[in-house]
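*Asks:* First the structure, then my questions, so here it is.
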Amino acid sequence: MSGILERLDAGEIVIGDGGFVFALEKRGYVKAGPWTPEAAAEHPEAVRQLHREFLRAGANVMQTFTFYASDDKLENRGNKLTFTGAQINEAACDLAREVANEGDALVAGGVSQTPSYLSCKSETDVKAIFKKQLDVFIKKNVDFLIAEYFEHVEEAVWAVEVLKETGKPVAASLCIGPEGDMHGVSPGECAVRLVKAGAQIVGINCHFDPMTCVKAVKMMKEGVEKAGLKAHYMVQPLAYHTPDCSCQGFIDLPEFPFGLEPRILTRWDMHHYAREAYNAGIRFIGGCCGFEPYHIRAVAEELATERGVLPAASEKHGSWGAGLEMHTKPWVRARARRDYWENLKPASGRPQCPSMSAPDGWGVTKGHADLMQQTEATSQDQLKKLFDRSKTH
């Protein structure tokens, strides 16, 4: 089986999977707040099934469900688990490999930003955290590595420097938008630093909607090319519309995380996203929070001609609504055409709601006292101060 770089070097389109944390939270297997992936060990059948659905939808990459699986995050703010970080990471690797072997998929081991970095721990301390996860990925022989969901390029560079020591291909994905990282470093400069650190694939994931993420990756590509460097590009955005978001992305929205459903992209929006990403020269195209298997199927269907194959899940989905030809109601049969769905402007059904929100924008990032993390549970006094402060924003 060809590896990730062989596929990308050959110009193939690699389709990623979707947002496991949000998908499994909705299914009752992940706790919103800590967002940690202990379900890999606690409820392997749930994680396995979601992998399988993304594979059937067309994904070529099974990312290990190891988002926020560093020891410092697993123990943050009173989070009490019955499994160790090593056990969670090992279980996640086994599940991803089991399902990847059912198709033509690769396994990617992933590390994410850490509470230790936000709390201003040293480069040595932060790298040691990544190394503990990496030891499991090497033991389980994942196919390649991803440093994803980093708000600060400095920490992402540290992650890449650790991951590249394995000799395995390394991808690096920041959760930033066109305004740059949380310290104001532009997307182009971020990409240059990541490539120089050893990442062969760079891009954007999470925090913003697909078109915003594609725009940011274009800026990365321009920066890398201007610097005379080479890289492949990836994008794994939100499945939520975020036109009103500022630098911090969707976590600043007042609807985050429990009221985001009205913002979900349709499968037809995903066709547009996939085409825009492809036209921008991005060849690793997937999804993050909010992405369900049907979203990934839409990406795979849009790019079926270029890939030369439809996903297995298309057996149950007529192209551009063609399955509606079989509907009993004539007015629904009349919707069995591309121009209907391509031009539809979906209503929310919420006449008292605005189309956009006012993001919170507290403006705190690494080094600010409010972002210092702790192993103890958040106290009632700490919460009261936050509640009081939120009334002034």
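Numbers here mean position along the shown chain, with the first residue as 1.
Each residue, glycine too, has its Cβ placed from N, Cα and C.
According to TrEMBL, the feature domain 'Hcy-binding' maps to 2-303. Taken from TrEMBL, the feature Zn(2+) binding site applies to Cys206, Cys288, Cys289. The region 'Disordered' annotation in TrEMBL covers 344-393. Taken from TrEMBL, the feature compositional bias 'Polar residues' covers 372-381. The compositional bias 'Basic and acidic residues' annotation in TrEMBL covers 382-393.
I'm curious about the neighbourhood of these features; can you describe it?
*Replies:* Across the domain 'Hcy-binding' (2-303), mean pLDDT in this model comes to 95.
Neighbour count (other Cβ atoms within 10 Å of the Cβ, all protein chains): 28 for Cys289 (Zn(2+) binding site).
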*Asks:* With an 8 Å cut-off on Cβ distance to the Cys206, Cys288, Cys289 Cβ center, who else from the chain surrounds the Zn(2+) site?
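*Replies:* For the Zn(2+) site, the extra neighbours are Gly19, Val21, Phe22, Tyr149, Cys175, Asn205, His207, Gln236, Pro237, Leu238, Gly287, Gly290, Phe291.
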